[in-house]
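Chemist: The following block contains the structure, expressed as structure tokens.
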Amino acid sequence: MTEFKHETVLLKEATAALAVKPAGIYVDATLGRGGHTRQILNQLTTGRLIAFDQDEAAIATVTADFGTLPKQLTLVHRNFRDLTDALTTLGITEVDGILYDLGVSSPQFDDSKRGFSYRFDAPLDMRMDQRQTLDAKTIVNEWPYADLVRIFSRYGEEHFSKQIARRIEQARTVQPITTTFQLVELIKAGIPAKARRTGGHPAKKVFQAIRIAVNDELSALESSLEQALKLINVGGRISVITFQSLEDRLVKTMFKEVSSVQDVPRGLPVIPASAQPNYRLVNRKPILPSEEELAVNHRAHSAKLRVIEKIHD
């Protein structure tokens, strides 16, 4: 098995924000290579940790690394949008904290066979869950022009969505687009030369957009956070690390909605209890990686940590 290096981002900050209780029940919604999982486990005595990942490779790698799983740890090979169902199956209806480390892990990016990266020539795949049928090849070759424009614009915030989608539409009538490098060349051809020279790799935004569409990432995140807000006990916290603006905007909006005072008539001397929010923002502004972390882990640059706490039912 190929070894892939993975540095867990905001390791101490994200777990410290959970304020772990030794006897509590916690969820790591994104197991990855187990960095946050181990950090939480180290603080548990009689408590319990359930770690989710839809990527079979992540489950297998962490299982092998542990050898024998600690009795406090349960691994669940499911998407975190199945949070409530999976926990109910385990007899759990309330938890003390939930952690999310969103996006693609370094091993997924660095495994050329997975097709997540524009740096390697590989089959167009991008599935986090290898059990699903929809992959990047299907989207690129079969989705209508209008749908390609929509996802490139909405999920990639790509200014040249129409031009790139048109190049793809024309090319696939000649032969199927099956590899990442084929797609990269079409993306480059759809972006004016001057624009290609700025803003990083020209394929970055479109690859992000296709990956989000393949894995239905934003819908899964919204659904999972809605469940998480209901699952946590009073005093429990949700800790979320995001790596791009779409995720961060969604988390920020959802957290703001549930932590804000409901509409009440002006001039009331006291806000009634019924209008008080059930949650509070632990950090008004996102927590960012330290200079020390940025110096050793370049993939931490875009990371933001947001934390919310349930203060009453």
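For all residues, glycine too, the Cβ spot is worked out from N, Cα and C.
As listed in Swiss-Prot for this protein:
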BINDING   Gly34, Gly35, His36, Asp53, Phe80, Asp101, Gln108  S-adenosyl-L-methionine binding site
Chemist: Should Gly34 (S-adenosyl-L-methionine binding site) be counted as helix, strand, or coil on the basis of DSSP?
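Modeler: Note: Gly34 (S-adenosyl-L-methionine binding site) is coil by DSSP, not helix or strand.
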Chemist: Helix, strand or coil at Asp53 (S-adenosyl-L-methionine binding site), per DSSP?
Modeler: coil
Chemist: On the three-state reduction of DSSP, what should I expect for Gln108 (S-adenosyl-L-methionine binding site)?
Modeler: helix
